[in-house]
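These come from TrEMBL:
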| type | residues | note |
| --- | --- | --- |
| BINDING | ASP29, ASP76 | Mg(2+) 2 binding site |
| BINDING | ASP29, GLY30, LYS31, GLY32, PHE33, HIS34, SER75, ASP76 | GTP binding site |
| BINDING | ASP29, GLY30, ASP76 | Mg(2+) 1 binding site |
| DOMAIN | 6-138 | domain 'tRNAHis guanylyltransferase catalytic' |
| DOMAIN | 142-257 | domain 'Thg1 C-terminal' |
Amino acid sequence: MANSRFEYVKSFERENILLPQTHIIIRVDGKGFHKFSDFYNFEKPNDINALNIINLSAMKMMETFPDIILAYGDSDEYSFLLRKNCELFERREFKLITTFASFFSSYYQFYWNAKNSPEDQLKIDRLPTFDARAIVYPNRENIIDYFSWRQVDCHINNLYNTTFWMLVLKGGMTTQEAENRLIGTLSSDKNEILFKEFGINYNNEPEMFKKGTIYVREVNDFPIGKYRENPTIDNLQRILKRNKKSSINKYHCDLIKESFWNDRPYLFI
Ligand code: ATP
Ligand code: ATP
Ligand code: MG
Ligand code: MG
Ligand code: MG
Ligand code: MG
Ligand code: MG
């Protein structure tokens, strides 16, 4: 750009550079998806087609941004873990969050139209859009606790929604009656309503609904035994030099158990 006497206005801009050498997590969440899901007649409590669309969007994010090492999502949200030494946009927060929100919304819209029939295409006044925030976490424990927090949230919401929609769809209650029925109930009460009144064992519900979806960039054939013989950063670096190939894999497993993280020590360097 040529210099001009107007250029001083640029100096009013402010940047927030995220702390170096820390993991960044960016979470996107759908705007007004309660209404969005009503408008497009989502199946309740879990519309599989909508989950497939959000999952495809998350997978595409991982392919687009190699700095994403793990993604976890359920309902209308996804959290992306960036590697510690990520230098994407020089770690400028506004660039990162606006780009993530914008890419994710675009991918979701693309896959929506690809995965729905012509009469269910998106309407201009009801487009799916996502906001994004970035959080930096200084250590391994915080990261594991973060993903445990999101997965517990998925579990609590899904148990509630499964029971709520059973009471409405099979139990003939109005939404207000179902809501009142569930006020003050514990998890065990909801499990009992599902089992005694509807013959549903919550444990047998699909893993994707109960646990959400995880995409993780995994080192192919990572020799975990060799690492455990000598669990140091040096040894880990040496192993990674020999095993450079990685692939993105999908799971619906427990993130709360330490074993998921212990089996993949390379996520934390
Ligand atoms: P960045 O991601 O950093 O913004 P950029 O390639 O988008 O990189 P910009 O400075 O934003 O760089 O410039 C946008 C460029 O897009 C223009 O230089 C021009 O080449 C092209 N462009 C945008 N709109 C048009 C248009 N309507 N017709 C022709 N070219 C266009
Ligand atoms: P906000 O803009 O504040 O995020 P919201 O309406 O999106 O508001 P959320 O707390 O994000 O509120 O909840 C998302 C809602 O979207 C869920 O409660 C659920 O009703 C609906 N929803 C999202 N995905 C699905 C799905 N796959 N199947 C059924 N319902 C879904
Ligand atoms: Mg421009
Ligand atoms: Mg929200
Ligand atoms: Mg939302
Ligand atoms: Mg949400
Ligand atoms: Mg540009």
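From the backbone N, Cα and C atoms, a Cβ is placed for every residue, glycine too.
These figures come from a predicted structure and were not determined experimentally.
Feature annotations (TrEMBL) mapped to structure.
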residue : record                : DSSP (3 states)
ASP29   : Mg(2+) 2 binding site : strand
HIS34   : GTP binding site      : helix
SER75   : GTP binding site      : coil
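For ASP76 (Mg(2+) 2 binding site), the nearest neighbour among the binding-site residues GLY30, LYS31, GLY32, HIS34, judged by Cα separation, is GLY30. Of all Cβ atoms in the protein chains displayed, 21 besides its own lie within 10 Å of the Cβ of GLY30 (GTP binding site). Taking all protein chains in view, 13 other C-beta atoms sit within 10 angstroms of the C-beta of GLY32 (GTP binding site). Counting other Cβ atoms within 10 Å of each Cβ, the lowest count among the binding-site residues LYS31, HIS34 belongs to HIS34.
Taking the mean position of the Cβ atoms of ASP29, GLY30, LYS31, GLY32, PHE33, HIS34, SER75, ASP76 as the GTP site, the remaining residues of that chain whose Cβ falls within 8 Å of it are PHE36, SER37, GLU77, PHE130. Listed binding-site residues: ASP29, LYS31, GLY32, ASP76. Those with a CB atom under 6 Å from ligand 6: ASP29, ASP76. Neighbour density around each Cβ, counted as other Cβ atoms within 10 Å, peaks among the binding-site residues ASP29, ASP76 at ASP76. On the 0 to 100 pLDDT scale, the domain 'Thg1 C-terminal' (142-257) averages 97 in the predicted structure. Only ASP29, of the binding-site residues ASP29, SER75, ASP76, place a Cβ under 6 Å from an atom of ligand 4.
Counted with DSSP, the domain 'Thg1 C-terminal' (142-257) comes out as 72 helix, 13 strand, 31 coil. Around PHE33 (GTP binding site), the same-chain residues at least 6 positions away in sequence with a Cβ under 8 Å from its Cβ are SER75, ASP76, PRO128. Only ASP29, GLY30 of the binding-site residues listed as ASP29, GLY30, GLY32, HIS34, SER75 bring a Cβ under 6 Å of any atom of ligand 5; the order follows the sequence. Neighbour density for SER75 (GTP binding site): within 10 A of its CB lie 20 other CB atoms from the protein chains shown.
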